[in-house]
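The next block holds one structure in the form of structure tokens; read it before the comments.
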Amino acid sequence: MKSLGRHIIAEFYDCDKEILDNVEKIEQSMKNAAYETGATLVNSSFHRFLPYGVSGVVVISESHLTIHTWPEYGYAAVDLFTCGDDVDPWKAFTYLKEVLKSQRVHVVEHLRGKYDEIGIPENSPHKMEV
């Protein structure tokens, strides 16, 4: 089934707690994850909370990647939303699982903007002229 985008919602458990609390490492890892998908990086914003935790977003031309970490629990919540046929959010998922040293994951994928539900013909390109 064709869709405008793919949205991976991932729960990373039993991660490296030091990595989860390192805002520079998390930001660089999220940018690298965007590059792994084949996406075009637009901007990013990350914040380290006190006493611990990091939240951040990487905006890509094809949508966004976000992360929220709870180092005290070894846990990270990650959204990987990409649009178009040229990017693969699963590459970002695989990369982040390795970088965060996650021992256990729960992940689901949602198709966003399903062609048949919007009324777009199945053979239509993603980018139509307006």
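Just so you know, glycine gets a Cβ as well, placed from its N, Cα and C.
Features of the protein shown, as given by Swiss-Prot:
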- S63: active site, schiff-base intermediate with substrate (ACT_SITE)
- H68: active site, proton acceptor (ACT_SITE)
- C83: active site, proton donor (ACT_SITE)
- S63: pyruvic acid (Ser) (MOD_RES)
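A straight line from the CA of the residue listed as 'active site, proton acceptor' to the CA of the residue listed as 'active site, proton donor' spans 22 Å. Distance noted between the C-alpha atoms of the residue listed as 'active site, schiff-base intermediate with substrate' and C83 (active site, proton donor) is 6 Å. Taking the active-site residues S63, H68, C83 in turn, the residue surrounded by the fewest other Cβ atoms inside 10 Å of its Cβ turns out to be H68. When secondary structure is read from DSSP and collapsed to three states, S63 (active site, schiff-base intermediate with substrate) falls in the strand class.
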